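As recorded in TrEMBL:
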type	residues	note
COMPBIAS	357-367	compositional bias 'Polar residues'
REGION	356-391	region 'Disordered'
TRANSMEM	12-28	transmembrane segment
TRANSMEM	49-75	transmembrane segment
TRANSMEM	95-120	transmembrane segment
TRANSMEM	132-159	transmembrane segment
TRANSMEM	171-188	transmembrane segment
TRANSMEM	200-221	transmembrane segment
TRANSMEM	259-283	transmembrane segment
Amino acid sequence: MGNKATEIGAHFLLFLLVFGMSATVDIGHMRKQLRNRTALMIGMCLQFIILPFVGFCIVKILGMNAATGVTLLVVTSSPGGSYSNWWCSLFNAELALSVTMTGISTLLSVVMLPLNLVIYTTGSYSNEVVKALDWSALFVSLVVVIGGIAAGVISSAWYNSTRFNLLANKLGNIAGISLVIFSVVVSSSDSEANLWSQNWKFYVGVAAPALIGVSIATYLATKFALDKPERVAVAVEGCYQNTGIATSVAASMFSGTDLAMAISVPLLYGIFEAAILAVYCMVCWKIGWTKAPANENFCTMIVTSYEVEQARLESPNAIEVVHNNNPKGDGDIEDLVFNQTIEGYQVDEVSLHEKTNASLQTASSTEAMDRTRDMSIDDEDDIKAEAGEFT
């Protein structure tokens, strides 16, 4: 009963996390990223060729036991997603690319994840361990991710609302934090498998794939001259495997001490890659590789989704109505932004609290009106002069 509750809880939080991040993305940006073949090919190569092989080499070299070794192979063979989307959202990388890569890699993982697991588990352990793999749990986790992505993308297109995108982003962030807490609680449930009482091989083995992944991803993305926010997204995807799948699989496959040991792998992997990505993303932000301004306040940058802001400003389904020109004599124009939704055009509440470049618009409009008036006076004088000649 306890294992069943753990499995259901892990799947539920995983679904909310993927749904929230997918529903944050504007559907137009996702269509654009579907044509970004170079970035997608780099991501697929990292997730299904390079990282699974790296995981296999680490398991063999360090001689990891079945519970930790198999779970690490699940982590390195998994598609990107869940937390990768979360990190791209937090640090304002190309979230649309991240979600697109997650969707494609998750679909491909229906074939590639079992294939890599069979190949590398057979090469690392006995046939008994391979036969003990819970394939149903594996596919349930993949279905949860695919369902979350599909539900999130459809919801974003259906509501077509900035407010909905922001709410979904908050839901995804809350689910991501909750899944981390969930993993901490489960991994600490067995005193014999305490997360911080393992030998050095355990920590080196779990941390190495994340460091290798982000390094190779950054090199390839830079070599192929991707846009800077896209480079960050590819690096995050190449480092941050879908640990939620590994958590769900571990919760279904193992019990007792083996469960605590197995679920410690995605948790510790998440801790290491969080530390790596925190430093990496901070550097990328400061050198101008993300959508957030490099001189922005850190707290403002973290809580603001520039993906949503950019989509709102570029959206062809939004109109800006300017009214009551200079009502207070302060050079500002009061304006409203309306977004098109299934219920018609609705006021964008975010625009109610924004300042615009109205003073520039006012100045430009005034100059244009002055020029038009001067031209009209000149034309009138010419007409009168011509009339005088013919009378």
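Every residue gets a Cβ built from N, Cα and C, even glycine.
Curation plays no part in TrEMBL annotations; they are all automatic predictions.
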Under 8 Å, at least three CB pairs between the transmembrane segment (95-120) and the transmembrane segment (200-221) (pairs 6 or more apart)? no
Which one of these stretches, 12-28, 132-159, 200-221, 259-283, has the most C-beta pairs shorter than 8 Å to the transmembrane segment (49-75)? 200-221
